[in-house]
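Structure record follows, encoded as structure tokens.
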Amino acid sequence: MATQAFQALLQTCKHVVVLTGAGVSAESGVPTFRGSGGLWRTWNATDLATPGAFVRDPSLVWEFYNYRRELVQRCRPNPAHLALAAFERKVTEDGRRFTLITQNIDGLHAAAGSRNVVLLHGSLWDVCRADRHGMKASKPCENRKQPLVPALEGKGAPDPATMAADIPREALPRDDKGHLLRPGVVWFGENLDPDVLSRAQQAVDDADLFITVGTSSVVYPAAGFVSQVAARGVPCAEVNLESSGATASCKYTFQGRAGEILPDLLEVSNV
Ligand code: BJW
């Protein structure tokens, strides 16, 4: 019954906004952050995603990102990414609006054919200059070379027994003026790109249906979107393996794997 009621809303809504997190890419083989998949060697992935970690040990942080660039390069969109892209085509052909806000940096939504995507936390394929605090000192730009420098070749194995490569600073990725580069993503304690955040916030403010998929909903500002939408009386739905920080705000909850649930729920399995 809940499914039918939700699907009726999908037919009539004027602007559906979907927020995705790491869980949407889990079935493509991309590790999530929290839970058992969130360890790289002996570190929590989130402990390495900070400017402080980069200042302390830029070699270690670059090894971690080199590993993820290599891994994601081999990953393909799964049925959840494909269902969202097919649903966007369906909605926009009807003259209605669809916005996909993702916290993921893996690029798999674009690879699946999604068009109106807001990359809240940046892209794994971007780099930028680092200042002495590890913060961004230039606008991120794309660099898909893999590995970025010869010293990173084969580095970043996730096994806890792996020795740190301790790459000397001069052999780490640098720009043409010799400045140290860092991944062009958004780390804890960093502001999001104001234009990106404004696009996301406008969509959140304008949504008349909101779906959160595969995020633990603990990281702000993304974690605040669902309660903002729900506070306006707009229906919210969640697709997740387990309950999350968003569940209490969601009228509709669909528990399970996104790749199994979304194609049928969005009625795009035959598209
Ligand atoms: C499945 C599944 C399947 C699995 N199918 N489901 C307000 C209050 C309190 C704190 C703050 C606040 N505002 C800002 C902060 C500080 C901080 C923050 O939020 N801290 C919290 C931890 C409390 N936020 C920030 O620092 C942000 N900056 C900011 O707001 O600037 C202004 C400011 C600064 C400082 C103070 C105050 C204001 C920036 C946040 C940047 C987050 N960066 C990362 C790394 C990105 C780069 C990279 O990838 O390397 O983003 S951390 C990491 O967490 C990554 C993710 O995008 C993000 C969210 O994780 P996600 O996607 O939810 O993954 P998981 O693993 O947590 O969950 C997976 C889910 O999937 C689970 O629920 C599973 O069940 C599910 N699942 N398989 C369906 N098959």
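The backbone N, Cα and C atoms fix where each Cβ goes, and this holds for glycine too.
Per TrEMBL, the feature active site, proton acceptor maps to His121. His121 (active site, proton acceptor) carries neither a helix nor a strand DSSP state and counts as coil.
Per TrEMBL, the feature NAD(+) binding site maps to 21-40, 103-106, 214-216, 240-242, Ala258. A coil conformation is recorded for Phe33 (NAD(+) binding site) in the three-state DSSP classification, outside any helix or strand. The Cβ neighbour count for Phe33 (NAD(+) binding site), using a 10 Å radius over every protein chain in view, is 19.
Neighbour count (other Cβ atoms within 10 Å of the Cβ, all protein chains): 21 for Arg68 (substrate binding site). Annotated substrate binding site per TrEMBL: Tyr65, Arg68, in sequence order.
TrEMBL lists 1-271 with the feature domain 'Deacetylase sirtuin-type'.
Among the binding-site residues Gly21, Ser25, Phe33, Gly37, Gln103, Leu241, the residues whose Cβ sits under 6 Å from any atom of ligand 1 are Gly21, Phe33, Gln103, Leu241. All protein chains shown were included, and the count of other CB atoms within 10 Å of the CB of Tyr65 (substrate binding site) stands at 22. Among the binding-site residues Ser25, Gln103, the residue whose Cβ has the fewest other Cβ atoms within 10 Å is Gln103.
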